[in-house]
Amino acid sequence: VDMRGVQQHITFPVNIIEPALFEEGKMFDGSSIAGWKGINESDMVLLPDAGTAYLDPFFADPTIVLTCDILDPATMQSYERDPRGIAKRAEAYLKSSGTADQAFFGPEPEFFIFDSVRFANDMGHTFFQVGSEEAAWNTGEKYDGGNSGYRPGVKGGYFPVPPTDSLHDLRAEMIKTLEQVGIETEVHHHEVATAGQCEIGTKFSSLVQKADELLTMKYIIKNVAYRNGKTATFMPKPIVGDNGSGMHVHQSLAKGGVNLFTGDGYGGLSQLALWYIGGIFKHARAINAFANSGTNSYKRLVPGFEAPVMLAYSARNRSASCRIPWVTNPKARRIEMRFPDPLQSG
């Protein structure tokens, strides 16, 4: 993933894959990756992680996908701008601090599925047009097969049964594909907005594993949509006047298998959990550079659309940046940071 959040890939024929590849890696041109190296020091090393292997469900020829770490050839250590390397160092620091030995994360990326997207931005004109047969604004359109009239209204997408929810089968195909590559799924449903807003929930995991899975999840969602002649986007606010797409991130700390966020404080939280929230709030402006990484991100963070607008925590208020979910079992105690969106990382 480059500094713009774009996933990258390179393909090698099977005949050159040897055990040494997993020890020495493979050179590539780092100067061609946005935000990384200058042309005067362009060489970098891809080191594949065998534990991430899965069979790509889209290529015509059987192809194994491996997530790679990025190394600096001068030191053969993790490159300081490699997001995966940063996540690994963060996990190592947490353990070394003695505060906890595990951090768990459960991101919930929302997305839109459009039938078509047209746009232009040049010297003569600027425009964009979203095509969505499901959209509320198409109630008066004429279609070759007729207009059934079943479509969710503005803020009416959560979550009627089909035929109003026209994307159930497509989401089910996405779920099936995610399970094929080893990602445990928990739920899928139509989201609040019209024009095909959806959500697929997956099981929480550790930082590096969940980050890897999030990239794979986005890749699969986009390609299943593409295979069906549609476009999936994780843009935070593609449609004016309706809810945008967030990526609420559930998180907790554990030590020795014990949930450190369980306590008798506000919302059933421990003092450590409250300090954890305070740390995020203290550094919220810096975190926003990554969690809300584009101009469009801030079109979502406005009142009236279930998006957080207050730097506060609450057990009930969904306009707060941090929500404390209700749980039936104290072992599941966690917090949910609601201000991030899914624009970054693909």
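Every residue gets a Cβ built from N, Cα and C, even glycine.
Automated prediction, rather than curation, is the source of TrEMBL annotations.
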Annotated companion of N243, G244, R300, E306, R338 at the L-glutamate site, TrEMBL, chosen from R285, R318: R318
E108, E110, E191, E199, H248, E336 excluded, remaining Cβ within 8 Å of their centroid (Mg(2+)): P109, G201, G246, M247
Neighbours of R338 (L-glutamate binding site) among the binding-site residues E110, E199, H248, Q251, S252 (Cα to Cα, within 10 Å): H248
Count of other CB atoms lying within 10 Å of the CB belonging to E191 (Mg(2+) binding site): 21
Averaged pLDDT score, the domain 'GS catalytic' (83-346): 94
Nearest of the binding-site residues (E199, R300, E306) to E186 (ATP binding site) - Cα to Cα: E199
